[in-house]
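Features of the protein shown, as given by TrEMBL:
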- 23-308: domain 'Gcp-like' (DOMAIN)
- His110, His114, Asp302: Fe cation binding site (BINDING)
- Thr133, Val134, Ser135, Gly136, Gly137, Asp166, Gly179, Asp183, Asn274: substrate binding site (BINDING)
Amino acid sequence: MAIILGIESSCDETSASICINGEIRSNVIATQAIHAKYGGVIPELASRAHQQNIIPTVEEAIRQAKVSKNQIDAVSFTRGPGLLGALLVGTSFAKSFALAQNIPLIDINHMQAHILAHFIEDPKPSFPFLCLTVSGGHTQIVLVKDYFEMELLGETLDDAAGEAFDKTAKILNLPYPGGPLIDKFAKEGNPAAYRLPEPQIPGLNFSFSGLKTAILYLVQDQLKQNPDFLTHNMADLCASVQSRIVSILLNKLKKAAKETGVKDIAIAGGVSANSGLRQSLIEMGEKYNWRVFIPKFEYCTDNAAMIAIAGYHKFLKKDFVGQDVAPMARMHL
Ligand code: KG4
Ligand code: ZN
């Protein structure tokens with residue numbers, strides 16, 4: 001019997017989860033609405049909101065799982081990568097909790113946890129598999145050889161895919177986070193309405209900054225001729241941008257699958273909630289005979305269930321850290 005408490009605080013969601021023998025029993029997420037009016041996450045405000053939210057969020061996760069605090073066998077927490085002040089709140093809480101309860105402490109890499117979210121429920125991928133991890137801060141193609149043995153095959157050289165969605169949304173006057181809104185408008189639009197460039201980046205790396213500039217110039221040009229341009233063309237703009245981001249991502253994933261010969265293909269991270277990406281991946285999987293793994297919506301964006309499941313797999317290996325552990329804003333896979 002192993003009961004793990006997972007804590008996530010790397011960006012703007014405070015989350016706590018209880019995992020019992022590899023099964024998620026609760027996953028409570030306190031989203032910080034405060035950032036929307038600033039058009040992006042303000043680190044200092046995020047840290048303060050984590051401080052306010054962390055205790056009630058953990059208490060609620062324990063209550064929903066119907067366990068008592070004293071039954072918890074270990075606490076796992078996001079050590080990095082993320083905003084240092086935000087990570088510090090979760091790390092300090094986890095350390096105090098482990099000390100007070102006299103239980104082991106388990107550090108988790110947030111990007112590994114996004115991938116390990118695929119082990120929360122069936123069907124689970126088998127090793128080795130490829131994972132395209134796409135979030136607000138990262139865009140990576142990872143060869144996953146084992147739970148904690150991951151090789152980075154490619155990554156973005158500038159903006160992350162989530163950033164490309166969010167920065168485009170800003171140009172289109174949509175609030176933060178823009179990804180879900182672009183997704184919504186794209187459903188009504190024509191993806192071929194605007195031709196946007198596909199960057200020619202060697203290997204398995206990505207670049208999104210040229211796309212952002214192309215959209216900026218397109219919108220500025222059109223607004224000069226027609227001040228109502230955005231209002232009348234929002235759906236077509238969103239559909240065109242989304243379809244280009246998706247094609248950039250999937251063309252590289254296809255290349256990685258070809259080069260490695262791996263046929264279990266997964267996506268993870270906030271942008272894996274995108275309906276265009278999910279649909280196109282399913283179609284590509286059928287065409288190339290892949291087994292495709294797409295997370296449930298609640299496990300795409302930041303959550304503590306993925307931290308708890310990753311913690312469970314480290315607990316089985318007795319892979320613990322001491323009280324001297326410190327958060328890391330930059331942390332490799
Ligand atoms: O993984 P995540 O919650 O946080 C990070 O670790 O960064 O990812 C957040 C990102 C944001 O950029 C957000 O706009 C994007 O995921 N996102 C989406 C969708 N839902 C969230 N992007 C496109 N379509 C969506 N449906
Ligand atoms: Zn994330």
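Cβ from N, Cα, C; glycine included.
Since we're looking at a predicted model, the values are computed, not measured.
For the binding site of substrate, formed by Thr133, Val134, Ser135, Gly136, Gly137, Asp166, Gly179, Asp183, Asn274 according to the record, the largest Cα to Cα distance is 18 Å, rounded to a whole number. Around the Cβ of Thr133 (substrate binding site), a 10 Å sphere holds 27 further Cβ atoms from the protein chains shown. For the recorded Fe cation site, residues His110, His114, Asp302 set the reference point as the centre of their Cβ atoms, and the other residues of that chain within 8 Å of it by Cβ are Glu8, Ser10, Thr78, Met111, Ala113, Ser135, Gly269, Asn303, Met306, Ile307.
Here the binding-site residues are His110, His114, and the one whose Cβ sees the fewest other Cβ atoms within 10 Å is His110. Each residue in the domain 'Gcp-like' (23-308) has a pLDDT score, and their mean in this model is 97.
Listed in sequence order, Cys11, Pro81, Gly82, Ala160, Gly162, Glu163 are the same-chain residues at least 6 apart in sequence whose CB falls under 8 Å from the CB of Gly137 (substrate binding site).
Checking each of the binding-site residues (Thr133, Ser135, Gly179, Asn274) against His114 (Fe cation binding site), the C-alpha distance stays within 10 Å for Thr133, Ser135.
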